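Taking it in order: structure first as structure tokens, then the write-up.
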Amino acid sequence: MINIKFPDGSIREFESGVNSLQIAKSISPSLAKITVGAYIDNKLSDAKDVINHDCELRLITTKDTEGLEILRHSCAHLLANAVKELYPNTEVTIGPVIDNGFYYDFSFKETIGEADLANIEKRMKEIAKKGSSISYKVVSKEDAIAFFKAQGENYKVDIIESIPADQQIKIYTQGDFSDLCRGPHVPSTAAIKAFKLTKLAGAYWRGDSNNEMLTRIYGTCWATKEDLDQYLHMLEEAEKRDHRKIGKALDLFHFQEDSPGIAFWHDNGVRIWREVEDYMRASNKKYGCGEIRTPLIADFSLWEKSGHASKYAENMFATKSENRDFAIRPMNCPTCVQVYNTKLHSYRDLPIRMAEFGIVHRNEPSGSLHGLMRVRSFTQDDGHIFCAPEQVEEEVILMVKQCFEVYKDFGFNDFTVKIALRPENRIGNDETWDKSEQMLKNALDANNVAYELLPGEGAFYGPKIEFHLKDAIGRSWQCGTIQLDFSMPDRLGATYIDKNGNKQVPVMLHRAIVGSLERFIGMLIEHYAGNMPLWLTPVQVAVMGISNHQDEYCQKVFETLEKNGIRAKLDLRNEKIGFKIREHTLLRVPYLVILGKSEQEQEIVTVRKHNGEDLGQMSIGDFCAFLNEQIEAKK
């Protein structure tokens, strides 16, 4: 007999050789139906893995985040299974889980389109209904290569050849279909019930444009049909709110192949940009952050010292000049440290807070680029705080307070906080990481801020607090970060003199509140479906006359609005008033001022909102006061 300890502390005896699925069934048949995996002594395992020793066990169900990931990854394999049955000559490549779903890349010998997805999905449902048991076997590297070579799966062979010699290789099988995978998977295809294939896209093998273009099929998978239906409805809403479409319709920005992944900002877009940047500049000043500006390009030796060259080189753009190697910065922190290093600092000077709207460039794969949400060049609202270890918690609390304030002002009232812990690829020793992670936990605990832990998700130089914002249709966006760093100040020679006259290395706190301004503006556009709050919208008021007889009065009203700090647009075109109203309504201008003979004679304005609500007539002075009151209140 073996002893199994459960998360609630209870211990039960089972026969040796039992598996997690059987244990779940012994507790409740309904629990077994939704069990898709388990943590056995904190190791993620398949639900049918045999247990022969005393252990701690946590069952994973489809209600858990990990359970959904297992379900979705299994659905990706179900997709590959269906494709191989329908298109036997197709080669399969990779099929990872992504947010809310999965994708799988295929090398088809024939051309397929969106219309083929329904047939593939139908076959997936047929396979799932068979309820084929899913199992795996561990094989040697040589046997795995031989197995997939025999099947003509050259991409799988390529993957296996790059697997380190000491890494375990598993082949999962369901029915007649086998695939390479680390797992875990659901116990049976019958567990995969609520899924939908959503779109096709192209993707280069291994993200390299020199390689073959593959066909990527995206899908989503959920625990229940109700969850799936809710998500599909959200997708419909998201389609309507797509910032790329709205950005084009409102003349905010555009992209073109001459500069892939880098936005061309138009006047209307720059107006929003300025409001966001000016707001953050004022917030930084309020919270004691001075502003700096540092070089975009630095000698490659700086990036070697900072650790970026060894940990981040594949994402960096490099260049050469006069026989010197340079890199365009992927992050702002090393150049900020250089500003700190220009002076001697005493413990009395700390904390020293520096903010920078720094442009960074990252060599993101072309297939991952997505409008403003994933770009190769963006401006980060970075802040770097140099402080003594005993000041860390107080500084983190202050930054958390600033983040909460900023998000609420921009209309995000629902957000969660997470702590991303040490990744596998990192600098610094475990003792330093232990101390860093505990400091962030202490700061949040002291401020009564609830948080989740994200193992392995920290930056290579330190753990970080993440702020995840929920938008108007329920999507979660990872936005701001607060990162604790003991390593970089030391590597770059940052010091201060302590009260005993000794040199010490300061702790460096990296923080970004809105993060990438490009991405944050994209989030705002989708959150508000283009109907931005008055204080953010590019044009706040459109002034128009019923006929050209009102042109002079329209000009006067327009100038008065401008003098009162209102962003107004004057429309004197010789068009029908209905046409003008429709056009400015489509452009999401919040307020329309319509002037006719009566308004001109009384020197008043008639105002309507872009949604058609009539606010009636008022003096221009009252209208300006009304607008400025809303702007001040961030409405």
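Each residue, glycine too, has its Cβ placed from N, Cα and C.
Per Swiss-Prot, the feature domain 'TGS' maps to 1-61. The region 'Catalytic' annotation in Swiss-Prot covers 242-533. Among the features that Swiss-Prot reports, Zn(2+) binding site is placed at Cys333, His384, His510.
Features as recorded by Swiss-Prot, highlighted on the structure.
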residue : record              : Cβ within 10 Å
Cys333  : Zn(2+) binding site : 23
His384  : Zn(2+) binding site : 26
His510  : Zn(2+) binding site : 23
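Counting residues of the domain 'TGS' (1-61) by DSSP class, helix then strand then coil, yields 14 helix, 29 strand, 18 coil. A mean pLDDT of 93 is what the model gives for the region 'Catalytic' (242-533). Compute the center of the Cβ atoms of Cys333, His384, His510, which mark the site for Zn(2+); besides them, the chain residues with Cβ within 8 Å of that center are Met331, Asn332, Cys336, Val337, Asp382, Gly383, Gln483, Asp485, Met488, Met508, Leu509, Arg511. In the three-state DSSP reading, His510 (Zn(2+) binding site) counts as strand.
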